[in-house]
């Protein structure tokens, strides 16, 4: 490239993706005011001139994706103002010792440098270094001097398949907050790891040789996330209970893990505990003391026998304890009704139940086809014991599962309350994803149960409405990301009362005698609904909800934990719902999944509409997650 002598005042030089650029003229060192030099994507560039060290004002040097760049110049250490050096995805093998003289360097990125094998011994001189990225490099170890990096906050060594041992002096990095060691050959950690007093995230997932955490791990009082997914770990030290700030503990896919420590109940900040695909059989009695625990994943734990009840989110795919699962679902239903009438006034709850035999018996008014209309009880709107309606339909999916990797359950119901010349119309819609229908290739009918709270209906014309109509329809093209066709077989509606019987409508009480599985619903006359002991499809698992609210309520989540964003441009879609995706098999297994219910209002040309703020805006729209 031609010389730069005529540009002494140039401050930024961007030469990205210049595929024909082979070298840089030595006169580049004359640009004393240059602060940014980007050569990103110049894949034929092999080196830089020594004069690069004369760039005393240079702050950013970007050589990322220069795939043939092999050697950093020795005099590069003279760039005293340099704070970002990006060398990711280059052919560089090592760094000169002079790199240690870069006193302002804050970020050094060597990710995806497949030939980079050894970090320089004098790297400990980089006193300003905050981030060191070595992901997917050929590095085998780190020098003891790494402990001298007193400002280092992020150290990423993930996907370094040859990295076997974390240095003992690594515990000296008092500012380190994030340590990523995923998919390395590491077998253990030194006791000094407990000295990382600022560490908030420790990730060891996919370290197939990692077997044991050091006892001193409990000293990391700031640790919030511990990821041990898919390791060879068999147990946890008792000191795990001393992690007073730990919020997320992931031990999933650890096939040898059998027992959760008794002292684990001391982790008062723990919100999410993932134990799926482990050999665990039970949890200690004190698990209920985990007052912050909201999500527990136990799917594919065939030996698991006892479920705690104080949770918002449970993933229990293919667990054998259907008695406990049915008890969970019963508690879920009762607590939702209680929260609607007493405290929160802002939830909607839904359940998709594959392999079900039909609409639950306690949904009183049922009709063949896709539409049902019933008369509202007298003074329904003024009754404090009326929390809302229950809507249900049986539908038959007609999609081909053979080529699908995940199945989307979707629901759309047009709800109309009308009478005395007034009408309130709402379109309830939500969707959720699960792989159980795909995995088990089951095309039997599914049941959707939808709890619709009274608080979603504007109060102004409550006393005018005399009838309620529910029409279950397929989502229209473009309105749903799930385009599977379905046939509505049957539908039903019920008005729920608590405490006593009103207008011959069933009320719900906690069943005193519900059989072994506690899965029945009882009305005011003592009649038990859905307690047929011969039909396992009535043994619906439930969950006890304590209210785990999120401020935005703007995303939906599938059973694998993948987040699907709601439409951020349309606030009418941001309605908080609580979805239960129940997957029943012969062994009583179940999955319940949370999602955001998207709803929108429509105008009616023939009757005056009630114009109100969207339900989410009137109620503040906190969201609660439920995943079974």
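Counting starts with 1 at the first residue shown.
Placed from the backbone N, Cα and C atoms, the Cβ positions cover glycine too.
Bear in mind that the values here come from a model prediction, so they are computed numbers and not experimental data.
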Annotated region 'Disordered' segment (source TrEMBL; candidates 469-490, 491-512, 513-534): 513-534
For the domain 'C-JID' (357-497), mean pLDDT (0 to 100): 73
The domain 'Disease resistance R13L4/SHOC-2-like LRR' (209-298), counted residue by residue under DSSP: helix, strand, coil: 20 helix, 12 strand, 58 coil
